[in-house]
Structures are given as structure tokens and as C-alpha cells.
Amino acid sequence: MKILQQDDFGYWLLTQGSNLYLVNNELPFGIAKDIDLEGLQAMQIGEWKNHPLWLVAEQESDEREYVSLSHLLSLPEDEFHILSRGVEINHFLKTHKFCGKCGHKTQQTQDELAVQCTHCGYQTYPVICPSIIVAVRRGHEILLANHKRHYSPNGGIYTTLAGFVEVGETFEQAVQREVFEETGISIKNLRYFGSQPWAFPNSQMVGFLADYESGEITLQESEIYDAQWFSYDQPLPELPPTGTIARKLIHATLELCKAEHKCD
């Protein structure tokens, strides 16, 4: 990182955990002096709209008002990804100030996004935790679950199934395992859908579509409050926010349900 001078210029990412400082729902833009950033530490992490994009080191005390990244999912996808990148880099730098091998202090490397131990030279890169997320279809129906973290007395959000990939596991194996563990359902015809960085704090969501093969819903009660098959033409419960890969998977699956119904 460098110490900002008054004339340093560009777009500015200021983070507090997974919260960001925005001006009129946009990244602050201009010279450091005008945004009261002179003398703070920052690093350039790329460009945004043909101007430098700076990540400002998180301040312990800051009177600015910050907004949660989770409330910004409705922003254009490219802008949301920029904000997510800033949050993830900030999380990495905050949690890797000391070497995981010998315990001494680390410092940022000059030529890549990494930190290096000042004692043993061990180098660490940002940690990304791969997770799978899958929408399961059975004819005209989609499988949706109410996870315990989403439960509310009014029902809460119903969404697709998801989970972290375990050590030594392929994405495909993780999908099969998570669906069976959480609902007792076996699936087939698994195919890749898309991915989404998920900076809460450092996941990469890898999305799949799948078809039902066999089994009856049997809940993993430590994780799932409820799971049901919903027909595309019936009222649906509360769904994940627009902009999430979960919502995109649900939309794509409902379209497949409609297409199959037309062919019947």
C-alpha cells in the first residue's frame, strides 16, 4: 500500500468488513483531498470506467455511513463484482497480517496480490472457498428449501440447495452429496449453469441445474427447516433477492418447467 497524496485521483473503495461507503449509491470519485483521504493507506486494485480504482485501508474509527454489500445486489452485475472484489481483498489483508507458518508479520508483495512473511518468506494468496449451488427440477416442479438461517415466523426465504466443496471432492460430487444430505433426494443430468463471487466473506458460488432421479424428501434438520416441491404455475414463497445466482437458477428452472408443460 502507499500513503495517499492530496492529488491522487480515481474511484475509491472504502470498506468496513462487508460494508461499503457509497455516495448516491455510487463509488466516490475524485481526488483524495476532496474526499478526506489524504494521508491514508491505499492500493490500486485495477480500473473502473477508465480511471484508477483504489482500495483504502480499513479505518478503525470512521464517521462515514456504510451500507452492507448484501443490500447492493440490485446494482449492475459488473459494479457489484467490483464492490465484492474490494470486500474480499480487504478481508484477506485483515486476516493475513501474520504468517500462518511461523507467526511473524507479513508484508504485501509488490508484483502480485499476495502477502509474504518478513521472517521465513512464506507467501500467501487470497483464500477463495468454493461452494456449489443447485436447482433441482422434477417435471413441472422445482425443489426449494427454507434453510434455518432464512427462517422467520412468516415463512422466510425458500431457495436452492448449496454448500461448500470438501477437500478432495469435485464440484459434481459436492452437488450430489449436498442434495442428498440436505433432502434425501438423488439427482441426475447435472449441468453447469454459471458462477458468482460471494464476498461473505470469500466464497465462489458455482451453480448447476439438475433433474430429480429418486427419493422422498428427508430433511437434514440441523440445516433445513422445510423443503418442498413447487409447481411453476402455483404461488411461490419468498425467493432470494434479484441479482443472486440462486434467483437466476430458480428463474432458469421455472422456464424449463414451463417448456416441459407445453410439450406435454
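For all residues, glycine too, the Cβ spot is worked out from N, Cα and C.
Of the residues proposed, Glu112, Glu223, Glu238, Glu255, the one Swiss-Prot records at the same divalent metal cation 3 site as Glu178, Glu182 is Glu223. For the substrate site that Swiss-Prot gives as Glu112, Gln196, Pro197, Trp198, Ala199, Phe200, Pro201, Asn202, Ser203, Ala246, the extra residue drawn from Tyr125, Tyr225, Tyr232 is Tyr125. According to Swiss-Prot, Glu182, Glu223 bind divalent metal cation 1; the candidate from Ala162, Ala252 that the record adds to this site is Ala162. As stated in Swiss-Prot, the feature motif 'Nudix box' covers range 163-184 out of the listed 31-52, 163-184. Annotation for the binding-site residues Cys99, Cys120, Ala162: lowest Cβ count within 10 Å of the residue's own Cβ, Cys120. Over all protein chains present, the Cβ of Glu182 (divalent metal cation 1 binding site) has 23 other Cβ atoms lying within 10 Å. Of all the binding-site residues in the list Cys117, Gln196, Trp198, Ala246, the shortest Cα-Cα distance to Glu178 (divalent metal cation 2 binding site) is found for Ala246. Scoring each of the binding-site residues (Cys102, Cys117) by how many neighbouring Cβ atoms lie within 10 Å, the top position goes to Cys117. For the pair Cys102 (Zn(2+) binding site) and Glu223 (divalent metal cation 1 binding site), the C-alpha distance works out to 37 angstrom.
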